[in-house]
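Data block below; observations after.
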Amino acid sequence: MFTNVCNDSSENHLNHNSLKLDLNINSLLNQKKELLKPDPEWIGLFSDRIQTKLNESTEFMIDIGKFHNNQIGMTINELDTCFENLNEITASVGANLILLCRKQIDHSSNFYVYECLVRRKSKDDDFQEVRIAVVGNVDSGKSTLLGVLTHCELDNGRGLARQKLFRHKHEIETGRTSSIGNDILGFDSSGKIVNKPTTHGNAQQWSKICEESSKVITFIDLAGHEKYLKTTIFGMTSHSPDYALLMIGANAGIIGMTKEHLGVTLALNIPVFVVITKIDMCPANILQSTISSLKKILKSPGCRKIPILVESDEDVVISATNFVSERLCPIFQVSNVEGTNLDYLKKFLNLLCSRAHNFDNSPAEFQIDEIYSVPGVGTVVSGLSIKGVIKANDILLLGPDSLGNYHNVAIKSIHRKRLAVKEVRSGQTASFALKKVKKNEVRKGMMMLCPSLNPKSFWEFEGEILVLHHPTTITARYQAMVHCGGIRQTAQILSMNQNCLRTGDKAKVHFRFIKNPEYLTVGTKLIFREGRTKAIGTLGLASFIDLERAIILIIILKMFVRISQSIRRAPNLIRTRVSCQEQIRCLANDKTNHFGFQAVSDQEKFDKVNEVFDSVAKNYDLMNDFMSFGIHRYWKSEFIQKLRPYAGTKLIDVAGGTGDIAFEFLQYAKENGIPDCSVTVCDVNEKMLQLGRRRAKSLGIKESDCQWIAGDAMNLPFESNVFDAYTISFGIRNAVDINQVLAEAHRVLKPGGMFLCLEFSSQINNPLIKIFYDWYSFEIIPVIGELVTAQWNSYQYLVESIRKFPDQETFKQMIEMNDFKLVYYDNYLSGMTSIHYGYKPS
């Protein structure tokens, strides 16, 4: 069977599980007559389609000889004619057509299908980079294979090939890699290898390879010995490889660190393929036993891979086109001495493409992996560009240092694979010469960031981890090494949501770095290890507290009693002080509108609420962090994930002044490749909108993607049936008439549109949390409001508005009364906050 797979145009970098063209271009390839004798109109149409696809991705695959009229296959002469015609067309648009394999339809016929690759010709300083981490047990032949591939000479059986890769004397003497090595293999636009035989790689050789290549494979040669495991894991996390090559010696089998390295690749979700070496010196029965053991491991519940032995050109194409699904695991059997099956491996490498997403439009983030001091140049750093575009002479922030600070640094020059370039894009590795920076001022794990990010430093973080192995139990105060991106530092467990952890346990764990604060991003994979202890997980958000705010928060909490006592004696700060229980009782029994403890009319409340947000706008986000310990950011992230936007989603975010929900929505759409999403932020308070506009500008968000409109939630300035989704976060309780807000939400939504409301709740299910929550709300929040913003009464009102808001079930009924269907809600922190959902009937 032959299957066409549509190309995913939402990613700039091609994934080979989406290599096939869309139906419009396939329909052109289905016209046999035009393929054999193309007319000018058909040639022009096909050229336009090819050019469009090349603008979206650097290469894609086509099939010649497949038709929709139940006819499959052509004769060899017909296929050769079609290939020549298409080759001329692709050449005219700056690309090459490469024949990958010829498939015979069945053994009884003379009909075939050509599978071909269209690859764009690249500029001298522009090439696609694919990073492959090479792992496996010591003495499995990793460095030898890389020496054979990158230097185009077979090994002599005594380590000749690997000598060209080693960097240290002890590596040459022992034949074992102890550091992270790199070498490159270049393919031109015709799919031919551009590397030439040489005694040793050098700067001139690398730059020449890059100039002639359309695609460069970067091999990250990692150590196989157990004592270098820390270095190996650092290479896997910091270099962000697209794929992993697991090397196994045919004669030795699956021993030592093989399973350990395979486990790391699986934990980091890196697609892995296997190369079995030394088949020339291995008896057939031993080789078969090794393959059987390997297949058993790959099919096990822990791996769930589909092993496929690559023994033909057709197997190579099938493996490459289905590899990125992460289920298929190609297995190559090669000999570095005789060269057996090396051609299949090279063809497979030629078809691999980068898995990195395109974040060129995001603010720049560069991760530092290595630091050098070059005579005549100065300090040079190398690493991975995670997001954005960095150009020579750009000013970035370097940090964090030991105190958590960031410092301006200028980029003197940029090199990629020892080739001077003008800029570096997301997903590319590069090295930068820095101006006026000493080597001892930089360390591995530091970042270079766009100033608009306003980056923070973190001593503490939270991670959701799974313990893969531990001999006994893990408890609080346990210390181990954390690998997270370019970070490699010891961290201590401060707390976790279980008393202790054993092998196989999952938990949310609160960590603290021992030596330096770090720059962290939510969702990054982490590995937590020490000796035989291994755990994997991802960075969470709930307990992210940056250094500056953590110090302020600690001071506030330590001085709370003293501050509280002083406030009781300060009549100018509060007119009347009522106990927490009395306040709650008062609010529960009184049904009129309130501001603080004043009964007011609807219009008075509207005016006073507007005054509140005028007064707190400047410090609104800071106070939210204080009031919720940063947890509100986690709730908002969950809020957008529940929304599940799709291509072209048009969102209205009401009461969204400072833009938290809008920015979270646009970031989610970008990270998940969801095109054409836009958001309109509507807020009654102009100061909040001004703050949001400034934040959007600093983040580089286009006005077409995010509009800011002043308007009342009870009378929205929009036509009916306009938006696909409506969100309101921590704002509906401030409305004078909640039912009118819900009615307006229903009006502006399109049929089938989704309503989401994130709000504090008045009903908390856990009595202990309720006691703490009441005490914290009435005793602490107004105090913090006075200290940080000098606005005691404003935050007194915010506390009161939460208590006046209906409980979850009552609010659900109110949503249903306004003609929403499928209404439900999710509680967080025992009901402290809730997300309510509803749909406008189609």
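Cβ atoms here come from the backbone N, Cα and C positions, even for glycine.
Predicted automatically and left uncurated, TrEMBL annotations should be read as such.
Proximity of Ser729 (S-adenosyl-L-methionine binding site) to non-local residues of its own chain (separation of 6 or more, Cβ distance below 8 Å) is seen for Lys636, Phe639, Asp653, Ala655, Gly656, Asp660, Ile661, Cys757, Leu758, Glu759, given in sequence order. The S-adenosyl-L-methionine binding site annotation in TrEMBL covers Thr658, Asp683, Asp712, Ala713, Ser729.
Marked as domain 'Tr-type G' by TrEMBL: 127-357.
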Extent of the S-adenosyl-L-methionine binding site in Å [max Cα distance among Thr658, Asp683, Asp712, Ala713, Ser729]: 16
Thr658 (S-adenosyl-L-methionine binding site): secondary structure state under DSSP, collapsed to three categories: coil
For Asp683 (S-adenosyl-L-methionine binding site), nearby residues of its own chain (Cβ under 8 Å, 6 or more apart in sequence): Val654, Ala655, Gly656, Gly657, Leu689, Gly692, Trp708, Ala710, Gly711
